[in-house]
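Below: the structure, in structure tokens.
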Amino acid sequence: MSANIGKIVQVIGAVVDVEFPSGNLPNILSALDIKNPNNSDAPQLVCEVAQHLGDNVVRTIAMDATEGLVRGMEAVDTGKPIMVPVGKASLGRIMNVVGRPVDEMGPIKTDKYLPIHRPAPEFTEQNTKVELLETGIKVVDLLIPFPKGGKMGLFGGAGVGKTVILMEMINNIAKQHGGISVFAGVGERTREGNDLYHEMKDAGVLEKAALIYGQMNEPPGARARVALTALACAEYFRDIENQDVLLFVDNIFRFTQAGSEVSALLGRMPSAVGYQPTLGTDLGGLQERITSTVKGSITSVQAVYVPADDLTDPAPATTFSHLDGTLVLSRQIAELGIYPAVDPLDSTSRILDPNVVGPEHYSVARAVQQVLQKYKDLQDIIAILGMDELSDEDKLTVARARRIQRFLSQPFHVAETFTGTPGVYVKLEDTIKAFRGILNGDFDHLAEGDFYMVGGIETALEKYKKRQEQQ
């Protein structure tokens, strides 16, 4: 069968128009290969068909820089969407939006390829059972439990520890559950992507993860598709290898932002705040594929940037409607030196429900939140009048709240190199038992410092015993 070849008729930024012979128009979302003129390592420039303009012309979005393209150049229709390498060969590797390795470790040796555009699983294939995914991080497991096959948003500013929590989760899932992680760097800083790769390599978790990067310097076409490339990788592990997969997306906002950049070039009328009119469809198409099926699950953690801290902005507002829970990182808590700096009162989870997590877990979690909320309410009084003016009951509440606050901190495996403290994975039942004990006053004789940066309650008791012996 002879190749279907068209010719470039127009180039506007990241958008390329190609004319094909009559009756041979490529399908929407098909990939076209153009011999790469800008002398980069990649032999072809890949473009994705976005529109049929009439007169046998298609409008495409380029997945790489379009410098050096001229009218009359040949574009070959591949007849299928962008296909990316999947499976075991992709683990421990970094690839770009079209599945080419960018880690200078040679080609990805596999015969398994999947298209990046795939339908979401049918209702009949979806698993409706709600299960909790244990992460081994106390504050997450107790107060913001992760649903298996659910979607969690990670909200936080710069430098409060989003990446460290992501890495710890990748580490814990890999070691405890033997699970596989896929990391999608969507429009993030190249430096951060580089740091993540080397940190994961040093922490020994790289062999259980596939990294797919489309950084800030990439054209919008690549940034708008790189999340789908990562998703295709994750879907293979879920559907073919029957695995439970973790999909990390940093940052989901950049996916929307890239879509809005190409939207105007495609001649679409902008909607609110200049976003693409197809915002809901674009995001829905991505999010609906992230789900649990009868074969396996994809659990997703998505970092969400909130433009100008405005949660009503269309991009974060649309993202919210898809999430099962929010993990909010707070600068105030990070300033106290409590890591992970999760805000226990601002974070929410859909499955913190007695029918899912059980009455014991639910009652402990709610009691912890009540004590912390009471402490927060009393802080103004303490600041003005001091602790002595509080009633005995309030003094006890404050003492327990401060113990709880410190016990919510935890040493991480991936941070061992710079904390010098070995990381700890805490089982959920141990977490619940320990917090129940603190609430009941079983550990009122321990000092606040005994609870800081420990894993289980046994370590806190050991600290106390050591101190007693020294005295």
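Yeah, the Cβs are placed from backbone N, Cα and C, and that goes for glycine too.
What Swiss-Prot says about this one:
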BINDING   Gly156, Gly157, Ala158, Gly159, Val160, Gly161, Lys162, Thr163  ATP binding site
For Gly156 (ATP binding site): intrachain residues, at least 6 apart, with Cβ closer than 8 Å: Lys162, Ala303, Val328, Leu329, Ser330, Ala341
Lys162 (ATP binding site): tally of other CB atoms within 10 A of its CB: 23
All-chain count of other Cβ atoms within 10 Å of Thr163 (ATP binding site): 20
Check: same-chain CB within 8 A of ATP site center, minus Gly156, Gly157, Ala158, Gly159, Val160, Gly161, Lys162, Thr163: Leu329, Ala334, Ala341
Among Ala158, Val160, which are binding-site residues, the residue with the most C-beta atoms within 10 angstroms of its C-beta: Val160
Local backbone state of Gly159 (ATP binding site), from DSSP in three classes: coil
